[in-house]
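Quick look at what TrEMBL lists:
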type	residues	note
COMPBIAS	9-20	compositional bias 'Basic and acidic residues'
DOMAIN	586-635	domain 'Cationic amino acid transporter C-terminal'
REGION	1-20	region 'Disordered'
TRANSMEM	167-189	transmembrane segment
TRANSMEM	201-223	transmembrane segment
TRANSMEM	321-343	transmembrane segment
TRANSMEM	355-374	transmembrane segment
TRANSMEM	395-419	transmembrane segment
TRANSMEM	439-462	transmembrane segment
TRANSMEM	495-514	transmembrane segment
TRANSMEM	526-547	transmembrane segment
TRANSMEM	559-580	transmembrane segment
TRANSMEM	586-606	transmembrane segment
TRANSMEM	613-630	transmembrane segment
Amino acid sequence: MGKMKRKGKMEVGNRIETRTASREEAEVSYLGEAFNGPIHVNPAFYGCKDVAQIRDYSVTGDAMTFGRQGWTHTVGITINIVAQLRRDGPKRTGALDPSVDSRVVPNCRRTRKDDFFPEPSFASWAAYRAALGATPARLRDRFAGRSTDAAELGALRRRSENEMRRCLTWWDLTWFGFGSVIGAGIFVLTGQEARDHAGPAIVLSYVASGLSAMLSVFCYTEFAVEIPVAGGSFAYIRVELGDVAAFVAAANLILESIIGKAAVARALTSYLASLINKPASALRIHTSLAEGYNELDPIAVAVIAVTAALAMLSSKGTSRVNWVASAVYVLVIAFVIVAGFLHAKPSNLTPFLPYGVPGVFRAAAIVYFAYGGFDNVATMAEETRNPSRDIPLGLLGSMSAITTIYCVMALALSMMQPYTAIDRSAAYSAAFGSVGMRWAQYVVALGALKGMTTVLLVGVLGKARYTTHIARSHIIPPVFALVHPRTGTPVLSSLLSASTLFIFVMMATALLVRRYYVRGVTTRTHALRLAASLLLIVGSSVGIAVCWGTSSPGRWQGYVVLVPAWAAGTLGIQLLVPMARTPKVWGVPLVPWLPSLSIATNIFLMGSLGKEAFVRFVICTAVMLVYYVLVGLHATYDVAHGACAGEEDDMVAAADVHKAGARSENINML
């Protein structure tokens with residue numbers, strides 16, 4: 001909140017306040033009413049006990065630039081608030097402390113049962129038994145139900161009680177992309193897959209997986225620009241495919257994040273041990289538990305706790321820490337590339353395809369996970385100053401640079417040593433040792449430590465925002481949706497790989513549904529054509545992946561049928577289904593071809609994984625669905641039918657829809 005300065009003469013029964021508005025206040029005033037209407041004010045400023053004693057007030061502004069989500073460029077804006085007290089209201093006495101924040105500051109320490117389960121279905125055991133009895137009907141309702149852009153941008157965000165601060169730019173998002181994606185994976189996976197599956201053609205594996213990741217980034221970018229909220233893929237899938245699909249995607253993504261971050265934290269301890277010339281497990285506590293579970297890692301726990309605490313303090317402060325650490329890591333990578341090519345031998349690239357084309361794609365399915373993490377950047381859209389500009393620059397720019405870096409690093413390693421001599425566990429350190437640069441292993445270890453630290457930091461930051469928006473929908477207790485009034489960051493959420501590919505498939509599918517289906521606009525005939533085309537695309541993609549995974553000599557006959565079937569499904573959408581919605585600001589090019597190709601490539605990479613990955617995926621998803629049926633289903637049903645939405649959601653629902661339309665018209669005028 002900017003510093004207040006008094007202006008003019010105060011009349012009896014009136015108070016005029018003139019002050020410079022912050023970005024957050026400009027946003028709040030827009031959410032209240034576009035140019036004339038209620039905003040969050042501090043009644044004490046006017047000598048009132050509550051807002052009800054204020055009869056009228058209005059907002060005017062100067063030099064405003066209208067952006068994607070209200071007034072995003074607010075430097076130098078002045079907001080004049082004119083409040084007229086009720087004649088029966090108290091007289092203003094004493095001076096006002098200008099540091100008083102006009103927004104409601106909630107108590108973030110919530111411990112009551114209603115804070116966790118406020119829905120009527122959990123009011124008593126009898127109510128819960130009745131809710132369980134209605135499970136089939138409620139499941140049908142939630143399968144058919146859809147959220148809206150306006151609801152995600154309006155009513156759901158208000159459930160956090162405070163706004164997240166819009167403080168991030170394309171520069172922050174670009175470095176968040178580097179920090180979230182580039183970790184120790186490039187140092188570990190490259191040597192492992194070059195030795196076992198791809199040989200020198202590992203560079204082609206990174207190209208293939210990078211192109212697949214870029215297709216997913218295109219889909220994420222359009223959604224993040226159109227629906228700039230903290231929920232990321234959960235919000236996007238919830239709008240287009242419904243609550244159940246969104247929950248399955250969200251649960252898998254959170255599980256993958258928890259396991260992945262735990263693995264990264266443990267790897268950090270191993271690299272730390274290598275820096276002091278100790279065995280990988282030297283810094284862990286050994287116990288008498290079963291093998292594989294007998295090493296406790298207090299350093300990993302401490303690192304996760306510190307990164308979570310840092311993420312809670314300030315998004316902008318976390319961004320500064322991230323880009324400094326990421327810049328150091330990029331310097332280490334630059335050293336690896338330059339030093340690698342200085343000792344490169346082109347003869348080491350022969351034979352280039354020792355394991356054939358299948359080995360290239362088998363390796364691509366594994367190294368794909370070195371690209372994981374860009375979804376964390378999409379969750380920061382709610383805190384971005386200008387989403388329509390900053391998100392495309394941050395997401396697409398960082399992923400393009402990362403793909404180039406990965407390919408060049410893989411090429412440098414392949415040219416330093418024959419693929420048969422590459423060390424599976426410490427490829428770069430061993431390669432430098434083979435050319436007389438043993439000291440370089442410390443540079444590599446230091447860079448890996450920096451990379452893992454930023455992966456943990458940005459991962460915690462992204463998943464906290466992801467969890468916050470899930471809690472706003474009441475799928476998990478809404479107490480996790482609270483945003484701190486001072487820092488503008490999630491309060492409790494920050495304390496918390498077939499799955500990844502599956503979610504990317506759902507994102508591409510959701511984008512096609514968003515472009516070609518709008519309820520009340522798309523006819524039943526066109527909706528059926530869209531559904532049939534999507535089934536053909538997904539089914540043919542699965543068939544292609546199955547053919548690739550078999551060793552049958554007749555599998556090429558399957559490709560002759562399935563590849564044209566995929567093309568026919570995509571062409572069917574383009575020719576037989578009219579586009580029902582066009583992006584307002586930024587959109588994926590070549591729709592439906594690029595989203596359809598994203599579906600096919602992600603399913604293809606899933607088919608390259610072992611059966612163990614699918615067994616784990618199915619078991620974990622089944623456990624998550626049990627929770628949804630017992631808890632999440634009934635909470636979201638109550639909220640969707642207004643049983644616990646509160647007066648505010650009812651009063652502003654229509655206004656949200658009106659503002660979403662007005663926002664689109666203003667953007668198109670700019």
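Cβ coordinates are placed from backbone N, Cα and C, and glycine is handled just like the others.
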Query - Overall pLDDT of the domain 'Cationic amino acid transporter C-terminal' (586-635), taken as the mean - result: 86
**Report entry** In contact by Cβ distance (the transmembrane segment (167-189), the transmembrane segment (395-419); 3 or more pairs under 8 Å)
**Finding:** yes
Query raised in the report: Cβ pairs under 8 Å with the transmembrane segment (586-606): which stretch of 167-189, 355-374, 526-547 has the most?
Result: 526-547
Query raised in the report: Taking contact to mean three or more C-beta pairs under 8 angstroms, with sequence separation of 6 or more, is the transmembrane segment (201-223) in contact with the transmembrane segment (613-630)?
Result: no
Requested in this report: By DSSP assignment, list the helix, strand and coil residue numbers for the domain 'Cationic amino acid transporter C-terminal' (586-635), in that order.
Outcome: 40 helix, 0 strand, 10 coil
